[in-house]
Each structure stands twice: as C-alpha cells, then as structure tokens.
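Enquirer: Please find one structure pasted underneath; my questions will follow.
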Amino acid sequence: MLFYGRKIMRKVSQSTSSLVDTTISSASRPRMKKKLKMLNIAKKFLRIQKELPTLQLKEPPPSVLEADLTEFDVANSHLPSEVLYMLKNVRVLGHFEKPLFLELCKHMVFQQCQQGDYVFRPGQPDTSIYVLQDGKLELFLTEPDGKETVMKEVFPGDSVHSLLSILDVITGHQRPYRTVCARAAVDSTVLRLPVEAFSAVFEKYPESLVRVVQIIMVRLQRVTFLALHNYLGLTNELFSHDMQPLRLFPQPGHAARTSPVRHGKRGLSSADDGREPGKSREGGPGTQPPTHPHAATMGGLSCWCSEWSHPAADPLKAGGLETAVPPPPPLSRCISMPVDISGIQKGPRSDFDMAYERGRISVSLQEDSTGALAAFSRSVSHEPKERKSVTVEEQPSGVYHYNYCEDDTAPGDCPFGPYQGRQTSAIFEAAKRELVKLMKVEDPSLLNNRVLLHHAKAGTVIARQGDQDVSLHFVLWGCLHVYQRMIDKAEDVCLFLTQPGEMVGQLAVLTGEPLIFTIKANRDCTFLKISKSDFYEIMREQPSVVLSVAHTVAARMSPFVRQMDFAIDWMAVEAGRALYRQGDKSDCTYIALNGRLRSVIQKGSGKKELIGEYGRGDLIGVVEALTRQPRATTVHAVRDTELAKLPEGTLNNIKRRYPQVVTRLIHLLSQKILGNLQQLRGPFASSGLGMASSSEPTNPTSNLSTVAVLPVCDDVPTAAFTLELKHALNAIGPTLLLTSDIIRARLGSSALDSIQEYRLSGWLAQQEDIHRIVLYQTDCTLTPWTVRCIRQADCILIVGLGDQEPVLGELEQMLENTAVRALKQLVLLHREDGPSPSRTVEWLNMRSWCSGHLHIKCPRRVFSRRSPTKLREMYEKVFEKSADRHSDFSRLARVLTGNTIALVLGGGGARGCSHIGVIKAMEESGIPIDMVGGTSIGAFIGALYAEERSAVRTKQRAREWAKCMNSVFETVLDLTYPITSMFSGSAFNASINKVFQDKQIEDLWLPYFNVTTDITASAMRVHTDGSLWRYVRASMTLSGYLPPLCDPKDGNLLMDGGYINNLPADIARNLGAKTVIAIDVGSQDETDLCNYGDSLSGWWLLWKRLNPWAEKVKVPDMAEIQSRLAYVSCVRQLEVVKSSSYCEYIRPPIDRFKTMDFGKFDEIYDVGYQHGKVVFDGWSRGDIIEKMVKDRRSADFYESKRMDPSSGSSTLPCPLSPPSPLCPSSPPGAACPPGVLLSLTGIFLSLPALLHPPWSSS
C-alpha cells in the first residue's frame, strides 16, 4: 500500500505543479484547491515524509535519431547548379577562396554523352575533372590481356578524377590515360573542368599554389595511400621501384665501410673499420654532445652527429662575423597553447599561412619570437633560451651549414684549414647545383643557412616511423633504405631505396602528418637535410618550389596507386543528411576522415533506436558490404563529415591482382565479428556517447574529436574551466582550445562572416586532423560563433555551478528550439572546500535528454576573479607543470578521450572488507579511479568510496557499519516468522540508511552503479540513479536472510545482484571504461565432489558424518545445491570477465574468512592491503599502470618522437635493430604503422568472395 500511495501522490504532485506553473484562470482555481486538499489528506493518512525527486526518463529528441528528409537544395542556392555540383563533389575545390573558385568555374564545359560513348579512354590526355550531372557512367580498368573490368559505377553528383593527374598537369608533367577509361552506361550529361584552369588561377593567386598542392598530398596520404595500406596490407606494391639513380659525385671504393667525408684535426681521413657504429674515435665520457637543434633531432645519433658550420653561418663561433645572418629559429612545438590563452595574432591569415600551420609550423612564434608569447612557448616546450657552441677535438662525422662559400676561403675562416675549407665548399657547391636543379630554385641564395650536410654511418636510423619533426633528405652518396612496420608483426618490410639524386621525407613535410615509414642508412651515406621550417620559408619566397617537390612524390607512386586514385572517392556529407538509409543496397564501404556519424535502426514497431556513432578513422557499413545484404541501419551525419568511399568493384579488382590481400581481409573480418559479439550494450551506452571506434569496439568515447563548452550562466568561469580542461587533455594528446577571440585573431575579424564559410570549415577540419581533441568555448549569448561551436561538436558540455539553484540557462533555452544533434553532458562545478553535491536530479529533470552528468571539484584558482591578462599569466605558470592525474579535470579528460579507469568490486560478505585495503594500495600506487561499481558488499564499499573518494574515510565509515553488523542483540530483535525470510530487514535497512542518509546516486562524486537481480522480471538490473541506500540494500539482499526490496520506481522485487553477476566488469566496460580493475572476493565452491553412483542414501551420509573413523565424503546438502543453482549464471559470467582483455582481475587471499566474519574487519582489511601492495608494485615495475593512463590513439599517432607544435614535449627515439640490407618482397598481410594519423581497422569484401576468391576458378 505504501508503494501505491507514493505512486498516487507523485502523480498528484506533478499535476498540481503543472497547474501552479501555468497561468491560473478563475475557473480552474477551485479544481486546484481540491487537488491540493487531496494531496494533504494523503500525506497525513500515509504518514509519509517529503520524498526526494526521482530522475525522469526521457527519450532522445527526433533530431538525435532522425536524418533530414530533404536533399541537397540546388534550386534555392545563390550559385548555379553546375557550380554547386563541382564544389560539392570535388573536395579539393572546397579549399579555395570564393573568388578563386568562381575563377575556376569559368572554364567549365558541358559534355553530352550517348549510351556507349567514351568520356575518355586510354591514350587521351589526362587533363580534366569530370562530374556527372545526369545519367550514369562506368569506370573501367583495362587489364594487360585487354579485358575490361568495372572499377566503380558513377551516379549523378559523383566525380571522376585523379588528384595525382591534377598534380601532374600543374607541375608540367602531363600524362595520358593508360589503363583507365569511362563510358556512359546511359545517355548522360557531364561537367568537365580542364586542369589547365588551375595554372591561370595560380598566376593570379600564387599563394594558393602551396595550399592546393598540400591538400592533394594530404588526400594522397590519408585517403588513397592509407586506405590501401591500412586496410589491405599493401606495402611496396604502392611504390615504384624503377627510378634511375643519379650519380652526383665519384663514389668511394668501399662505400659500405668507408666514410666519404670525415674531418679531424689533421684533415680528411677514412673511417676506423673496427670502431662500433655511433661511437666517436675518443669514445670517452668527456666528449660533449652537439647542441644544434637540427643535430638534436637525430636523437640517438647525437654522439656522431656533431656540429660544424662556417663562421658566417653561426656568429656564436670563434671568428664569426658580427654582421652574419643569424641561424633560423628552432621549430616551435607550441602552436596552440600560447595563442589559446592570449589570442595574440597579427592580422588575418593567408593561404600560405594556413598551409604553414597545416604543416604544423608555428607562424606566430616566428613572427613574434622576441615577445613574451614566444618566451612562454619556449618555457612550455622546453626549448633552450640560447644556442651554445661546442668544440670537439675529433669528430667522426660532420654536419655542415650551407652558406655561400667560395673555393678560395681564407684559412682563418675555416677551422679545418685551407684543404678542408676547399673540399667542403666544393661538396656544397656540387650538391647545391643538383638540389637547385631538382627543386627548380630560381635564387640559389634561398638555400643559405637552410641546408645541412650530414654523413651517416652504416646502421644509423635517420628518421623513425611516427616522427612529427620530419625533414627533407637529398641523398649525395650511398643510399637510404625506407622500411615500414607490418601490422600485428614486429617486422619491417623494405619499401624502396632512395638513391643519389633522390629525395625522401617530402610527403610528410608537405602534409604535416607523421612519418609513415622509417628511414635508415644500411651503408655509409651522405645527404643534405632541409628542416621542415626551413623548407616552408623557401616556399614562402618561391611558392613554385612545392611543384617540384610534389612531383617527386607523385613519381614515386606505382601505376597501381594511380589507378586506385581514380576509384577511391573523397566525399562530404552535410550535418543531418543521410549517408545511406535502412534497406538501401550495399555496394561500398566508407571511412570517416573527420566529422561524426550516427547509426539508427528502425524496428518493426516503428520505434527508432540509437545503435552507435562513428568518428575519425571508423569504418561505416562494413558488415553489410561484406555480406552483400541491404543496409541494416540508417547512418546520418551528426555534423559536417568527410569520408573516403571504397566501391565494391575496386576491391574485387585488388583481390584479383594481389591474392594475399584475402588473408588480411579474413583477419580484419574476424576482428570485426568478434568485436560485435563482445559488444554488450548497457543502459548508458544505448543513450550515451556513441559507438566505439574500430580499435575500441565497446568504448563509447574513444573517438570524440571535438567538444563544445557551453556555460549555463554568466557566473560560470568558462575561460578558467576550459584552460584547466586543456591542461588535463594535453597530458593525453595534442589539444587545441578555440574561442571567438582566438578565431578572429588567427583568421581575421571577418572569419565568422558567412562569406568565409568554406575557409573556416576547412581550417577547423585541419585542426581536427592535427590535434587529438579540439575544445570549442562558446560565447555567453547565441552568437554566430556559438552556433558554429554547437555545429562542430561531437559532444556538448553544459557547465553549471553545483552550489547554485538548479536553473536552465537562456542559451540552453534558445538551443532547445534548434535541432542539436550532438550528445550533451551536464558538468557541475564545485569548490574545493564546498559541500558535497546535491539536487543533481533537479538539474537533470529541467533539461531535455542528456547522456550523462559529472561532478568536478575545481581548484581555487578556477573561481578566483582575474582579468584576462592576469588569467593568462597564471595559466602560463600552470602549464609549465604536468597535470595531476588524480584531479577531477584529469578524470573528465579521460572520460572525453575514452580512457576511463573503472573499479569494480565483487560480492562476498565480510570478505569484501578487503576491498578497502586494495583501494588504499591503489591510491598509494598512483592509479586513478574514474568510475566505481559493484555487487552486494562491493556495492556498499563502492558507494562509500564514490561519496568520499578517500580510502581512509571509507575505512572509518565501513568499520562503524561492520560493528553494527556484528551486534547479536540487534540481529535477534530482527527475527521474524520465516515465510519469506528469517529477518524482517528493518534493522539492516536502518544500518544502511544510517550510513548514506538521503543521498542520491546522482549526487556521488564519482559515477557509480550497482547490480541487483529482479525476480519479478527475471532479469539483471543496473542502477545508475535513484535512492542510494535502497539500491545498495537491494544489492545486498541475500535470499532466505532478508526479504526482497520493492523497487520504489516500479514495485518490482529486487534481490542480491550476486546471483546473476557477482563481478560486473562487463557493465563497467559498457558504460565507457577502457580499463576495468575487478576485485573478486566471492566464495569458491568445492569442485572435487564424491561420485556416489546413481542413488544416494541419506542414512549412509549421516553415518559418514557421525562416525569419526569413516572416510569423509564431499556431497553437497540441499542448501548448497540451491546456492549453486542460484549462482550458475554468475559463475559463467565470472569466467568471461577473467579472460577478457580489458579487465585486470585481482583476488586477495581471503578464502579462510566466512561470509559473516564482520568482527574480523581489520584483519581482512590488512589482507587486502598487503595483497594490493604486492600486485600494484609489480604493475609499477612493469608498464601496466602507464598503459592504463595512456591514450591509445595518441600513442599510435605519436609513438616515436612527439615533435608536434602543440604537444609541448619531445621523446627521443631509441636505436632500431637493423633490418636486412636487402630489400625483400612484401609478404602477405604487410600492413600499416601505428604512427599514422588515422587508426583504421577494417576492410570491405563480400563473404561469398572470401569463401570463393576470384582466382579460384582459373
């Protein structure tokens, strides 16, 4: 009756409150008074105290689950339809400014094709971009035997072009079509844009040249090359091996053993054959390492890569000229931090400046290297404030600055004497002529102070896969081997050799992406090196240099890559548009390059359900494409998204050409299927932060790229909050903070105007590419920047003050009227010395659907009122220190990046007191805890820790409760007639209620859940909201001892969760945890039972037990049989958890303690503490703890040296074991480095083709 009375009262309360909130007419007042009287009578009759509010379950709004029904509106646009088609479907054009783009469109022509007509065929010049406006085209590949196979079908809106071909025309190396042709399947209308139009545009706008070539290079690396390499495992098939080496200088007779250029006190000499590679002649500890920044980037090579430069190149050297040109500043690694805080920037950015930043080079710091901003950046990035010279008596190999130096250099100007000065000058002059010729440099003086001459000994690693600080290397003597790691194997495969006269490293320099291979000198080698920053300065003076360097990249690509460049599409989907709909034909697979998509399924009843989300690097539609089934879900864009599209015909062609690809496909397909089988979606994930990326199949936040921060009111310290969050995120990966002031400072005051739409979108997408996560700080009002932040966000953090009255902000109210597709999280800020969280339910109930909430305890500096200048100065000092991994901001950072660490505590009665000892050991070992969950006694201990966040306070409160449990008097008084249970439960309820009072689960500091068994619905229940003491009590309800608890929400009967899931690590995983630390304290059943045959006599058992001389037999009694039956599913679940890769399983030695041994609290606690110390000390000596807190995506992107301008730190590489000097063929399954920017894991193949590959019939 009590339950139903509450239910009636709740309904009356809701109806009366709704009447009070509205304008009350005179006619409705008597009705309202009657209902209020009825409510008062019910309260007095039932003697019910004021009830705490409960969380109202809300369904996601239609904007979250439904795609827009309207398609691309051509009619209402201001541009002609053909111009829109070209802009929408040729992605490289979207990076042009509007005047440039319209200038290009003047050259467009229409081409009418009848059915069967060729749009182009082999032999014709490959000089145009085609976009189909009406009809249908088929793209064919001509095999060596003359047979034509369909690569892809082209439908209206699709384009046919190769960016490599565009690059060839721009660089003046036009090629004809060789194996690719396009034919009209039906009467069609085609738009054709001649590539020659680009040349005319670049003459008018020369700065755009570098930007466009850079975009083409990015597309080559991120779309064409990496799709083939990461998915299909192709390696040296992608590179051309028939390049002719250029002999620049006479080679020494024994290049493998002799160094061509050596210098010492007595002049040039040969190498010491007996000396170990990498050691100097002296080899003593007194030899000083080089300090030149370029030499330092060689990492482990510093012992051989000492510095020497001409005096004119380095005024710090003895004998240098005072008027000498200073050396170029070192490459900054702090592009985002200083600008984020100050917003200082000189004027709007040009196309070249955007290309400069895409290459991850800081423009602002070089323009203002003497200001406070640059000083701050140096302090953050740990750069030396001044360059010190070093004198080395004998140098086994040389690094030289190039400066214009004639053969008649004065002896006093060169420390090696006249002979050495003439020799080095001759070397530089000869190398300079070849480099000028290759790069087509018009003014040779552009190379002054920008070129270093290196000599590498055999076995030296020049650059490592994943490096950010990449340079151009121009080989003079010897050769450089280029290796790439294979996926899932600790093996390197040789891609190609860089011979004299060739360059290597230029693709990474142009794109700003990490290096995708390792460069190594297997023999002695001499080469010129131009750093990335110096190369961009050369391009700033002469933009056409980029054409020559880009052509060397295109020339290295194999004909196969050129064919695939035609077939793989680079496409865009606007926010809200459907990529495909449920029931559509599956003829291709997509890779998300940037943006976000959401997958929704519509069930037979018409109800739509969110299945998951896809972020950067994820595969979309792979399962349907593999099985050739219709699309199972509808996928639409949460925000503007770029994708790579791989047609089915293209993949079939690759399988015929390279049969070893099928092995890779089967491997990836099995990974995908296993990931889907293991993905048990919990209640949070079904409404939460989306689907896991392919690398983390069950982690809902592992692929967030952008986060918007939206304040509830003006009192929220938004600037300090975002800076604190950025500080915590920087410890995980490169993070960029953007505000409206920063955008205007970086891109100009008109950056947010509608005319700059394409430029701003392109720049923001570029920032996503080069940062792990981008923070968007909105304005306090609904400005164009706020709208842009909401539009760009994968997740919106609604930030409020927890100590204020729950309120719905004006900005939120405005957003309620718009179709916001991003998922929302409520973040409540609390002061360090403030009260515990309360009234969280009211905050949540007054908002529309939110995916979750978090409580953040902030340092005092967050709430201190400071001017922007003082705030910047304070956080400059904060950023000099590393973030505390135990702070709430670090916890929020781990949640946003999918690196949550969950603690799951199992049930086991008094043995659960050892949980607290293990938690204490975890705190001492520095392991952060971001989420807590448990069952039975684990639910109790977990709730205490989630409320206190201190093992000491948790121990104190748990010990007091254990004393109550050990009271015989109170236990006897609670006995009742045993129909349902032996005890009434009132004493137990009082003990739990005394511990937690009226605390709600939503008001705990840490996210918390517990598990109960619903015997009404015969199901497992996971509780993440509601009355804390009631659900803890329900989770501890042991059958026979306590009666089931009636759920206050629906009246269902709840029992101990241990019957169904005693160690719910899988629940924590589904709630978003990357790592789960699971502590098991359950009793272990005896498995060595007696085989007594087909029948059993109870008298015989009784005799065995009573007779002291009889052999004891192990046969379970009725109570034990019932207990084992109850725990059958729990035992099976436990075995799954123990064998899972995400779970760290711990079991303290507590088997000697019984379930009700609460009187031995301290002894059980000590057992858990000592066991935890042993376990976590072992973790500390290994790398388990570091792996827990390390972001996998950031580790993959920046595995070697982290020289990213925004990362603020660098890690020098360790020596690499030398591979074979020979260049082996690529074995099947060779695949992608972890150092690439996109972590793509999946592939596209029909299942019948897997079982019956195309070559099986031949």
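Glycine too: its Cβ is placed from the backbone N, Cα and C atoms.
Quick paste of what TrEMBL says about this protein:
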- S936: active site, nucleophile (ACT_SITE)
- 92-219: domain 'Cyclic nucleotide-binding' (DOMAIN)
- 435-539: domain 'Cyclic nucleotide-binding' (DOMAIN)
- 567-672: domain 'Cyclic nucleotide-binding' (DOMAIN)
- 250-295: region 'Disordered' (REGION)
- 907-912: motif 'GXGXXG' (MOTIF)
- 934-938: motif 'GXSXG' (MOTIF)
Enquirer: Where does S936 (active site, nucleophile) sit by DSSP, helix, strand or coil?
Expert: coil
Enquirer: When a 10 Å sphere is centred on the Cβ of S936 (active site, nucleophile), how many other Cβ atoms does it contain?
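Expert: The Cβ of S936 (active site, nucleophile) has 29 Cβ neighbours within 10 Å.
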Enquirer: So what's the average pLDDT for the domain 'Cyclic nucleotide-binding' (435-539)?
Expert: 87
Enquirer: So, by DSSP, how many helix, strand and coil residues make up the domain 'Cyclic nucleotide-binding' (567-672)?
Expert: 29 helix, 46 strand, 31 coil
Enquirer: Residue counts in helix (H, G, I), strand (E, B) and coil for the motif 'GXGXXG' (907-912), per DSSP?
Expert: 4 helix, 0 strand, 2 coil
Enquirer: Looking only at the domain 'Cyclic nucleotide-binding' (435-539), how are its residues distributed among DSSP helix, strand and coil?
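Expert: Helix, strand and coil residues of the domain 'Cyclic nucleotide-binding' (435-539) number 23 helix, 42 strand, 40 coil.
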Enquirer: In the domain 'Cyclic nucleotide-binding' (92-219), how many residues does DSSP put in helix, strand and coil?
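Expert: Helix, strand and coil residues of the domain 'Cyclic nucleotide-binding' (92-219) number 42 helix, 44 strand, 42 coil.
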